[in-house]
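Taken verbatim from TrEMBL:
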type: TRANSMEM; residues: 29-48; note: transmembrane segment
type: DOMAIN; residues: 29-161; note: domain 'EamA'
type: TRANSMEM; residues: 60-77; note: transmembrane segment
type: TRANSMEM; residues: 89-110; note: transmembrane segment
type: TRANSMEM; residues: 116-135; note: transmembrane segment
type: TRANSMEM; residues: 147-166; note: transmembrane segment
type: TRANSMEM; residues: 172-191; note: transmembrane segment
type: TRANSMEM; residues: 203-226; note: transmembrane segment
type: TRANSMEM; residues: 238-257; note: transmembrane segment
type: TRANSMEM; residues: 264-285; note: transmembrane segment
type: TRANSMEM; residues: 291-307; note: transmembrane segment
Amino acid sequence: MSNNSLLSRNASEETETEFESLSLKSTRILYILGVGISVAVNFALAKYSVMNGFSPLEVLVLPLLGSAIILLALLALKGELKALKVQHLRYYIFAGLLGVSLPNLASNFALQEVAASTFSVLITLSPLFTLLLSIPFQKAGLTFKRVMGIGMGFVAVLLVTISPDFKLKDDGGMLLLATSVPLFLAMGNIYRSKSYPVGANPIALATGGLCIQVLIWLPISLMVGGSSIYDAPQSSRLILMLMAIISAFSYLLTFRLQQLTDGLGFSQVGNVVTVTGVGIGIFFFAEAFHYRLIVALALLFIGLAMTNQQSKQVSKSNITL
């Protein structure tokens, strides 16, 4: 009788463990989709802003400032301002520079001349750069299944971005600058994966990172001068406010996602950004719809499922949903 009871309890524990594993996997995928879609929308809004009179620095700093204020207010409402720690200052600086400021500033400059479709193709390089950079640091995470997942994601974005009409007509220097965006993102993926403070509050990490970036870039923006915010139409100012809200949401999800996966898994955000960018072109800019988009989306979701299994390097004690 006791043996039956023990077997029943073991079966129950195994079922519960499988359910928790499935729940975490689903959560990771939802976070990846949320971050990727948010980033794609903000890239589109940033391109609109720099093409309508705002400087690349303004398009970086103003949404950063707004999103930092939003997250500070959220921390205050939750009574968790003490979660901002001086011990995490180095993490705030480097995670913010590599994952936020440098890629966004580079994209703001590049998007003045580089076509959106070209830029979307280059963002696809993010998971590939992450794969290469992770080889000396995260060998345990480079299973055949995960590499295949990355490959399927790469095939997905190729299906929707490469066509016989695709031509590079942009300045080579700006194209090189645009290529630095996925490189910075990959470096940020690896840095956050290796240096994520154990047990840290993800909202505090996002807030601290944004606040430090504002302190770095706001003085530079003021010294450069020539602000066009006061002369801009109200619709343009509202777009910057919308970017701030989306950024706050995106960065909050980013630091929560980093608790649930490693740099290689996080890099799949780049594929979501690319496919979402194509979708924006179809539905808002009347670009041609093609069956390849459906195939690409299917491959993308399969790749996400294959790649974003819980890494053994992510401590269960570091997971806070």
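Placed from the backbone N, Cα and C atoms, the Cβ positions cover glycine too.
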Leading stretch by Cβ pairs under 8 Å, where the reference is the transmembrane segment (203-226) and the options are 29-48, 60-77, 172-191, 238-257, 264-285: 60-77
Positions whose Cβ lies under 8 angstroms from the transmembrane segment (238-257), at least six residues beyond its ends: 28, 31-32, 34-35, 38-39, 41-42, 45-46, 48-49, 54, 58-59, 62-67, 69-71, 74, 99-100, 192, 202-203, 205-206, 209-210, 229, 266, 320-321
Counts of helix, strand and coil residues, the domain 'EamA' (29-161), according to DSSP: 111 helix, 0 strand, 22 coil
The transmembrane segment (264-285) touching the transmembrane segment (29-48) per 3+ Cβ pairs under 8 Å rule: yes
Candidates 89-110, 172-191, 264-285; stretch with most C-beta pairs under 8 Å toward the transmembrane segment (291-307): 264-285
